[in-house]
Amino acid sequence: MEGGNSPSLQLQQLPLATAAVSVQPHTDSFSYKENLIGALLAIFGHLVSSIALNLQKYSHIRLAGSKDPRAYFRTKTWWSGFLLLVLGELGVFSSYAFAPLSLIVPLSAVSVVASAIIGIIFIKEKWKPKEFLRRYVLSFVGCGLAVVGTYLLVTFGPNSHEKMTAENITRHLVSWPFLLYMLVEIIVFCLLLYFYKERNANYIVIILLLVALLGSMTVVTVKAVAGMILVSIQGTLQLDSPIFYIMLVCMIATAIYQATFLAQASQLYDSAQISSIGYILSTTAAISAGATFYLDFMGEDVLHICMFALGCLIAFLGVFLITRNRKKAVPFEPYISMDAMPGMQNMHDKGIAVQPDLKASFSYGALENNDSMPEIYTPATLPIVQEQHGSKGVSAPPYRVLEHCKKE
């Protein structure tokens, strides 16, 4: 009897053992190698992308400061930056196929650190040592904190791995934690969009929250697409599944709308504020999405989770200090600001163009020619023609500036 029951007992215990292995994937040493490969690809991609963007910016500045009539896309410097940018984005895209989503997203701080270092190295102005340290001490401290935070993220990052097959992605897509997360995100997104569009609440936090919510869905779909491509390369074809194309369309759509809101934010606020606040909000939203969709922190102990959160906070502080020290660009406004005058409309009012008005002439101001107004209050045209007394044969211009004596 005992010999006949032993095979059945072994068969009943086999699923339990496989389930225990799947709950604790961090015990496999190969998963650490995958984490390292993904982290190195992400760091390499962000570093190369930062160099590429600075090269393209340098090409624009050099053309603007010279008499070269060529367009920017006809220069070798711009095309070198473009090719490096494509290479960097491919590196970041590939990193999502190896490492968990919650580990790859915070590593975008590398691009901020690289941009700060490149900006300090290629400074053309000559600064005194005391002034240089006073100006860039926050950048040095921020770079150090960002490096420490990145090290903690790579060391204590989530270590859960699974093959991005169509079956696994579909199972995650219809799971109740992700459906609840999507419901909350859709409600918050609609409320923010209502206040932004209907109430004209053009606050930087509202715009960047819209970007962060869209970005969380972008990175979720990017990991799905990159993982399915990697599994297909390894031998199991996944590109014939409908879920692959659904994720691909969602990735493109959310990326386009995300870029649209970023462009609107860049027109209203400084790029340093957008970099720091956008990094914090986007990273937080992406980690939340990865934790609910891919269950990145499943099976992780409390120490690893706390150290990972500490690394995120240190990286956030480093990025904030780096971007806080940047120069704020003062925009040139070719009109007289009337914000200080109560009751006066200004150029930023929705649907109302006040100044400048270039309808029929080069007259300054938006006042139209009105015959009922006294001549002394009519706007002057360019060039200003002064009335000369005694010239009867010359026809008067449409607007005149009258010379009055002290008695008048």
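Note that Cβ sites are derived from N, Cα and C of the backbone, with glycine treated the same way.
According to TrEMBL:
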TRANSMEM  36-56  transmembrane segment
TRANSMEM  77-97  transmembrane segment
TRANSMEM  103-123  transmembrane segment
TRANSMEM  135-154  transmembrane segment
TRANSMEM  174-196  transmembrane segment
TRANSMEM  203-231  transmembrane segment
TRANSMEM  243-265  transmembrane segment
TRANSMEM  277-296  transmembrane segment
TRANSMEM  302-322  transmembrane segment
Contact ranking winner - 36-56, 77-97, 277-296, 302-322 against the transmembrane segment (103-123), Cβ under 8 Å
36-56
Kindly say whether the transmembrane segment (277-296) and the transmembrane segment (135-154) touch, using the definition of 3 or more Cβ pairs under 8 Å where each pair is 6 or more positions apart.
no
Looking at the stretches 77-97, 135-154, 174-196, 203-231, which one shares the most CB pairs under 8 Å with the transmembrane segment (302-322)?
135-154
Using a Cβ cut-off under 8 Å, which residues of the same chain at least 6 positions beyond either end of the transmembrane segment (203-231) come close to it?
93-94, 96-98, 101, 104-105, 163-166, 169, 185, 188-189, 192-193, 195-196, 238-239, 241, 243-244, 247-248, 250-251, 254-255, 257-258, 261-262, 264-265, 268-269, 273-274, 277-278, 281-282, 284-286, 288-290, 293-294
Cβ under 8 Å to the transmembrane segment (77-97), counting only same-chain residues 6 or more beyond its ends: which ones?
37-39, 41-42, 44-56, 58-60, 62, 104, 164, 219, 222-223, 226-227, 229-230
